[in-house]
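Here the structure is laid out as structure tokens; the discussion comes afterwards.
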Amino acid sequence: MATWKELELDPMSKVHRETLSSASHDCGCGSLCLTGKHETAIHHINPEVESPDTRPLLWFKVREYCRDGFSEFFGTMILILFGDGVVAQVLLSHGQKGDYQSISWGWGLGVMLGVYASGASGGHINPAVTFANCVLRGFPWRKFPVYALAQILGAMCGSAIVYGNYKSAINVYEGGPDIRTVPGYSTTATGGIFCTYPAEFMTKEGQFFSEFLASAILMFMIFALKDDGNLGAGPLMPLALFFVIFGIGACFGWETGYAINLARDFGPRLTSYIIGYGHEVWAAGDYYFWVRFI
């Protein structure tokens with residue numbers, strides 16, 4: 001918890017000026033925290049609503065306790081809107097409105113904008129990032145379930161919005177409004193818009209290693225970019241992550257779809273199951289979905 005170095009109250013303007021010392025400030029956001037080392041926050045106080053003699057309103061309490069969860073929810077939703085959206089556009093247009101590199105660009109932009117949108121909570125937007133911060137950076141374990149749940153729900157919401165936007169095009173591509181298929185079961189499958197499916201030639205060992213390699217590269221680069229003893233990315237961390245995700249997609253994405261994010265894959269997979277893609281979303285690739293959990 002940050003230590004207040006200075007607290008001034010101007011009774012004429014009703015303004016609190018709070019300065020956090022760089023030595024004592026610890027936001028607990030982990031490796032992706034976008035907060036600077038020295039901040040000055042100015043809060044305008046309405047004396048009729050909030051004063052030292054009155055308790056905070058319920059809304060302020062709710063906002064304080066739910067801020068991290070909502071931040072991760074919306075950040076992950078933004079990630080999926082751009083990521084699943086670009087896959088849908090490329091697939092449903094039969095490649096006329098983009099190609100494989102367009103998908104790499106879309107996912108890179110989704111991560112960058114998602115981190116910007118969720119900066120208040122540290123911009124994790126990935127249960128693996130939250131878990132790694134709990135293990136290696138002292139991030140509170142009590143926050144892990146909240147972050148993970150918010151990320152999965154945000155991914156579900158984002159994929160549902162993409163489905164609603166492209167539903168008519170999906171109907172045409174699949175051959176009817178009641179036809180929903182996944183890769184490996186149809187040549188006109190659209191299930192791959194929402195979650196990843198391995199190439200048919202991939203063995204179970206190959207599936208695991210491909211995802212492990214891509215995920216390891218992601219986590220290594222996150223900690224390297226955030227290491228103050230290294231060159232670091234500083235305030236350009238989201239932009240740096242754009243290039244990391246683009247590079248992973250361009251170089252290691254073909255075989256398994258480079259989910260590298262449990263929320264990004266499980267949330268939309270659950271959504272696709274709910275909207276009618278059937279049990280094949282779990283059975284495809286010899287029950288490939290469980291590889292994401294490992």
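Every residue gets a Cβ built from N, Cα and C, even glycine.
As annotated by TrEMBL, transmembrane segment applies to 73-92 (among others). Long-range Cβ contacts of the transmembrane segment (73-92) within its own chain (Cβ-Cβ under 8 Å, at least 6 residues beyond either end) map to 98-100, 102-103, 105-107, 109-111, 113-115, 117-118, 121, 123-126, 150-155, 157-159, 161-162, 165-166, 169-170, 172-173, 190, 192-194, 263-264, 267-268.
According to TrEMBL, the feature transmembrane segment maps to 104-124 (among others).
Long-range Cβ contacts of the transmembrane segment (144-163) within its own chain (Cβ-Cβ under 8 Å, at least 6 residues beyond either end) map to 68-81, 84-85, 88, 121, 124-127, 130-131, 134, 170, 193-194, 262-264, 266-268, 270-272, 275. The transmembrane segment annotation in TrEMBL covers 144-163 (among others).
Within the chain carrying the transmembrane segment (208-225), a Cβ under 8 angstroms from the stretch's Cβ atoms is held by residues 31-32, 128-129, 132, 136, 198, 202, 232-233, 237, 240-241, 244-245, 248, 252-253, 255-256, 258-260, 291-292, 294, all 6 or more beyond its ends. The transmembrane segment annotation in TrEMBL covers 208-225 (among others).
The feature transmembrane segment is assigned by TrEMBL to 237-260 (among others).
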